[in-house]
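S.K.: As annotated in Swiss-Prot:
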REPEAT    139-178  repeat 'ARM 1'
REPEAT    180-221  repeat 'ARM 2'
REPEAT    223-262  repeat 'ARM 3'
REPEAT    265-304  repeat 'ARM 4'
REPEAT    349-387  repeat 'ARM 5'
REPEAT    388-427  repeat 'ARM 6'
REPEAT    430-471  repeat 'ARM 7'
REPEAT    477-517  repeat 'ARM 8'
REPEAT    587-626  repeat 'ARM 9'
REPEAT    628-667  repeat 'ARM 10'
REGION    714-779  region 'Disordered'
COMPBIAS  765-775  compositional bias 'Low complexity'
Amino acid sequence: MSHNNQYNPPDLPPMVSAKEQTLMWQQNSYLVDSGIHSGAVTQAPSLSGKEDEEMEGDPLMFDLDTGFPQNFTQDQVDDMNQQLSQTRSQRVRAAMFPETLEEGIEIPSTQFDPQQPTAVQRLAEPSQMLKHAVVNLINYQDDAELATRAIPELIKLLNDEDQVVVSQAAMMVHQLSKKEASRHAITNSPQMVAALVRAISNSNDLESTKAAVGTLHNLSHHRQGLLAIFKSGGIPALVKLLSSPVESVLFYAITTLHNLLLHQDGSKMAVRLAGGLQKMVTLLQRNNVKFLAIVTDCLQILAYGNQESKLIILASGGPNELVRIMRSYDYEKLLWTTSRVLKVLSVCSSNKPAIVDAGGMQALAMHLSNPSPRLVQNCLWTLRNLSDAATKVDGLEPLLQSLVQVLASTDVNVVTCAAGILSNLTCNNQRNKATVCQVGGVDALVRTIINAGDREEITEPAVCALRHLTTRHADSEMAQNAVRLNYGLSVIVKLLHPPSRWPLIKAAIGLVRNLALCPANAAPLREHGAIHHLVRLLMRAFQDTERQRSSVATTGSQQPAAYADGVRMEEIVEGTVGALHILARESHNRALIRQQSVIPIFVRLLFNEIENIQRVAAGVLCELAADKEGAEIIEQEGATGPLTDLLHSRNEGVATYAAAVLFRMSEDKPQDYKKRLSIELTTNSLLREDNNIWGNADLGLGPDLQDMLGPEQAYEGLYGQGPPSVHSSHGGRAFQQGYDTLPIDSMQGLEISSPVGGGGGGGAPPSAAPTSPYSMDMDVGEIDAGALNFDLDAMPTPPNDNNNLAAWYDTDC
């Protein structure tokens with residue numbers, strides 16, 4: 001017979017001769033002891049020869065052409081071929097319908113490679129699947145029919161007065177609810193669900209309660225079941241079970257409520273009305289981590305977007321328990337769900353201090369190095385929301401170090417949160433400022449700003465944090481130098497112009513002012529164009545304020561101040577002039593400022609009703625008047641009159657700067673002019689002394705300065721913890737310096753609202769639109785009282801950037 005007409009059994013590999021097939025099957029079936037006679041364990045021979053070294057010499061394993069030793073005759077081989085053919089139907093039957101074979105019958109296998117199923121085996125797979133589907137369908141139908149017939153009787157038994165009967169019925173229903181068909185039948189019977197709810201509400205029998213609530217738990221995995229439970233009034237009954245001492249009952253109740261809260265409309269309100277929040281907070285004292293994870297997730301669902309729920313959690317002691325969980329466990333899902341609750345509560349002004357007082361900042365900081373990104377993100381969000389209430393908290397050194405490290409993350413949200421937290425925690429806190437500087441925070445923040453590009457959600461808080469670090473603490477000069485050494489000056493100056501928005505520009509102005517305090521930064525800032533950009537911003541903001549002033553004068557109405565992106569243009573005027581004031585200390589910078597034709601604006605600002613603007617204008621004129629050219633331009637612009645008027649200002653800083661400018665302008669004047677000016681300055685000083693309303697009260701200041709300061713200036717200006725109001729001695733309007741509450745995304749926080757007090761002209765604080773979410777730090781020093789004499793043999797020393805009324809740009813604010 002030719003090779004092409006050779007017969008190949010369908011379940012053997014093709015292209016093998018009949019003799020070779022028989023030999024292979026014979027080896028598989030006969031040459032290996034089955035264990036029936038010898039009792040040895042049945043095993044398939046190794047095809048690689050590695051399992052039995054004695055098989056290495058067997059030529060059959062490697063070369064079928066060599067044949068077998070001459071142990072079998074041709075007749076024996078023919079018999080084996082015949083047996084193989086005769087058992088084919090049995091092999092098919094065994095593969096497709098194994099349950100029809102009699103026990104004890106062995107069918108020889110024809111599988112050569114265990115990794116390659118035979119044709120029969122491949123054909124058997126769909127038939128087995130079909131068989132199982134038919135069996136399942138029959139069972140499903142049987143279950144459904146059984147449940148449908150049994151439900152009416154079971155309802156009667158559940159309503160029986162005998163608790164034993166109720167218990168037995170509840171257990172039967174529980175068993176039925178474990179199968180899909182009967183579970184659907186129970187769900188479709190409102191009477192059955194109502195009977196189960198009555199059973200858990202009225203029964204005192206533990207087994208009845210456990211079986212009934214277990215059934216409701218099984219039903220709650222399906223939307224139809226959730227609706228049935230809700231309509232049957234199951235939520236109050238389930239909430240009642242949250243007081244059960246039995247673990248299984250508690251588990252069934254809380255998981256059923258959890259499913260309802262997740263997927264059933266109206267469940268949240270029903271749980272709140274049933275007192276579920278209080279009971280859930282009590283359950284936080286347990287120690288089963290998986291149980292606690294469900295409870296905390298329920299609390300998060302109930303508290304999200306509902307202020308009343310947040311206050312109930314607070315009144316029940318929730319913050320303390322939640323912080324305890326964050327400190328005590330390492331189960332990731334529990335930590336994640338708990339951090340979600342804390343995140344929701346952290347936007348509540350009442351819960352925020354409670355969480356901080358409970359040690360929430362430290363507890364959340366423990367998990368910033370956790371490998372779970374979702375946990376780290378939630379902790380950072382929560383810390384950001386809490387950070388404005390934690391500016392006075394001690395022991396945050398580990399948190400600050402972690403935040404500096406987190407700034408290197410590639411996750412935008414992580415970096416945004418870390419920068420915002422650092423901005424708030426370094427506000428008005430010298431210890432935190434020093435800590436951040438010592439752990440490389442300045443370098444990290446500069447790199448963050450460079451890498452952020454135009455992502456203002458990162459650059460604004462990072463710039464605010466740098467502004468805090470560059471003023472009012474022992475390492476501030478080091479921080480000012482570090483920004484330059486890390487190539488940050490050019491990047492920061494670029495933030496002063498588009499596409500930056502006004503809140504970022506305002507923050508950058510304050511940072512530039514602080515950086516200019518370092519003499520080594522004066523020239524680089526000039527070379528990078530800082531003066532040009534500041535002057536441009538000043539002119540733009542000044543024009544806007546003048547336009548607004550003209551509009552008010554024309555219409556006679558009280559129009560609100562000029563705003564852009566929530567920033568008052570008066571703040572930009574004040575900040576830019578203040579920064580130019582510091583930059584003008586350097587002679588080359590003064591020359592460049594004179595060339596910008598901006599001195600007329602400085603003179604006009606002397607008439608402004610906002611005292612801080614008057615002060616910074618007088619301050620920059622004081623520096624510019626140090627050069628003869630500058631003094632001449634100032635006089636030509638008509639500054640003598642307003643400066644003379646400002647000598648009588650109750651704001652000591654304004655008066656002193658005005659006196660200094662007038663003195664410098666008088667250097668080339670005749671002796672008679674100098675004498676009249678000396679009398680004017682001396683008279684003004686005496687008037688201040690005569691009008692001293694403090695008497696002999698000791699404020700801890702030099703006697704001359706104490707005599708010249710009013711009460712609001714002494715307390716708010718020198719020792720205030722927040723930005724005070726800027727008031728005018730001429731009865732001008734108060735100027736809002738602090739920041740109102742400004743939520744970020746769905747989260748509230750990041751601000752410190754400051755009391756706005758009246759001084760001098762007094763007045764209630766106006767409502768001002770929020771300008772930035774980041775808290776600001778007061779930068780206030782002391783004026784050298786000994787220099788405040790007006791003997792014209794020596795020019796009066798101007799305030800050394802230590803202003804009675806701190807301006808926003810001159811602060812961490």
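Any Cβ shown, glycine's included, is placed from N, Cα and C.
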S.K.: Checking distant contacts: for the repeat 'ARM 3' (223-262), what same-chain residues at least six beyond its ends satisfy Cβ-Cβ under 8 A?
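M.R.: Residues 183-184, 187-188, 190, 193-194, 196-197, 200-201, 206, 209-210, 213-214, 216-217, 268, 270-271, 274-276, 279-280, 283, 288, 291, 294-295, 297-298, 301-302.
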S.K.: Tally of helix, strand and coil residues over the repeat 'ARM 5' (349-387) according to DSSP?
M.R.: 28 helix, 0 strand, 11 coil
S.K.: When the repeat 'ARM 9' (587-626) is classified with DSSP, how many of its residues are helical, how many are strand and how many are coil?
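M.R.: For the repeat 'ARM 9' (587-626), the helix, strand and coil counts are 30 helix, 0 strand, 10 coil.
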S.K.: Can you count helix, strand and coil residues in the repeat 'ARM 3' (223-262) using DSSP?
M.R.: 35 helix, 0 strand, 5 coil
S.K.: So if I exclude everything within five residues of the ends of the repeat 'ARM 4' (265-304), which remaining residues of that chain have a CB under 8 angstroms from its CBs? That is, six or more out.
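M.R.: Tertiary neighbours of the repeat 'ARM 4' (265-304) are 230, 235-236, 239-240, 242-243, 247, 250-251, 254-255, 257-258, 310, 312-313, 316-318, 321-322, 325, 329, 331, 333-334, 337-338, 340-341, 344-345.
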S.K.: Can you count helix, strand and coil residues in the repeat 'ARM 8' (477-517) using DSSP?
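M.R.: DSSP composition of the repeat 'ARM 8' (477-517): 30 helix, 0 strand, 11 coil.
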S.K.: What does DSSP give as the helix, strand and coil breakdown of the repeat 'ARM 4' (265-304)?
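M.R.: Across the repeat 'ARM 4' (265-304), the residues distribute as 30 helix, 0 strand, 10 coil.
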S.K.: When the repeat 'ARM 2' (180-221) is classified with DSSP, how many of its residues are helical, how many are strand and how many are coil?
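M.R.: Here the numbers are 35 helix, 0 strand, 7 coil.
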S.K.: Let's see if you can do this one: DSSP helix, strand and coil counts over the repeat 'ARM 6' (388-427), in that order.
M.R.: 26 helix, 0 strand, 14 coil
S.K.: Over the span of the repeat 'ARM 7' (430-471), count residues by DSSP class, listing helix, strand and coil in order.
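M.R.: In the repeat 'ARM 7' (430-471), the DSSP-based counts are 35 helix, 0 strand, 7 coil.
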S.K.: What is the number of residues in the repeat 'ARM 10' (628-667) that are helix, strand and coil, as DSSP sees it?
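M.R.: Result for the repeat 'ARM 10' (628-667), in helix, strand, coil order: 30 helix, 0 strand, 10 coil.
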